[in-house]
Amino acid sequence: MGKQRTKNHIKNTVFFISAGTNDFVITYFNLPLRRKTFTLSAYQHFIIQQISQFFQALWAEGARRFVMPGLAPLGCLPVVITLYSSNAFLHRGCIDRYSAAARDFNALLQAELLSLQTHLSKKSPTFIGYINTYDFVVDIIQNVGKSGFEKVDVGCCGSGLLEMSLFCNYKSPVCLDASRYLFFDAIHPTEKAYYNLFRAGIPVFDYITRDLR
């Protein structure tokens, strides 16, 4: 492409950044090391700092357009319900103390993204958008059936209770119709859920790219 066209390409590219779910669900809630080192609040600020540094590193390479979704309600993830519910087989409702951690983190994240946009735009026009994943997922769960999803507390893969990543493979049994499920495995949404989230975020992408049209 050549040096100048490459710079322009990076400048006009929208960088979609997702972070935080594994940091809390696996690293903080499930493993003891981080909890011995950080309080929950301190850990939230630590992750925000890492995200901020990552944004600034991309910015230093020429990136100027960013979109980042907030955390989903962590207490509604099938794996969290299975591991931390008092009776995961009979009562698979969301566990609010884990979702509260996501709400608090999202508030910090939105404030940091606004601060980054303000600070970086003083040097060069910068556009940062936030997608409200939390309310999107809550709305689906609270309106089961109306939302087009029928299963919101288990995944499509395997038992739907714990399997994720490599434990969902070509040998794993899967549900007959994944489009009825909010989650494909015990932590990741289905293709349909991701598609609907993308559609809900189109106004954010329009804002980020408005001067390119």
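Each Cβ is built from the backbone N, Cα and C atoms, and glycine gets one as well.
Those TrEMBL annotations? Automatic predictions, nothing curated.
Keep in mind that what you see is a predicted model, and the values were worked out from it rather than measured.
Residues or ranges marked as transmembrane segment in TrEMBL: 12-31 (among others).
Distant neighbours of the transmembrane segment (71-90): 20-21, 24-25, 29-30, 96-103, 105-106, 109, 133-134, 136-138, 141, 152-155, 160-162, 164, 183, 185-187; these residues of the same chain sit at least 6 beyond its ends, with a Cβ under 8 Å from one of its Cβ atoms. The transmembrane segment annotation in TrEMBL covers 71-90 (among others).
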Six or more residues out from either end of the transmembrane segment (12-31), which same-chain residues have a Cβ under 8 Å from its Cβ atoms?
38, 40, 43, 47, 50-51, 54-55, 58, 63-69, 71-72, 74, 77, 79-80, 83-84, 98, 101-102, 105, 109, 187, 205, 208-209, 212
